[in-house]
């Protein structure tokens with residue numbers, strides 16, 4: 001497909017993963033953002049069926065949220 005088509009497809013894939021994470025109980029405020037890459041960052045060649053399959057992926061990063069300080073009740 002064209003670059004524009006592949007970018008839209010990539011975006012839909014990322015949105016689907018976000019929806020599934022929300023379905024699993026992750027709250028919206030914990031999802032920092034999603035980003036579609038289209039054909040920009042392949043990890044394998046697009047010349048083969050196997051390579052194209054590897055490039056149809058979603059990557060995400062887990063970050064630890066900083067915890068809020070707990071008030072000391074003894075003071």
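Any Cβ shown, glycine's included, is placed from N, Cα and C.
Helix, strand and coil counts under DSSP for the compositional bias 'Basic and acidic residues' (47-64) come to 7 helix, 0 strand, 11 coil. Residues or ranges marked as compositional bias 'Basic and acidic residues' in TrEMBL: 47-64.
Taken together, the residues of the domain 'OmpA-like' (1-66) have an average pLDDT of 89. The feature domain 'OmpA-like' is assigned by TrEMBL to 1-66.
Sequence annotations record features per position, and here TrEMBL assigns region 'Disordered' to 44-75.
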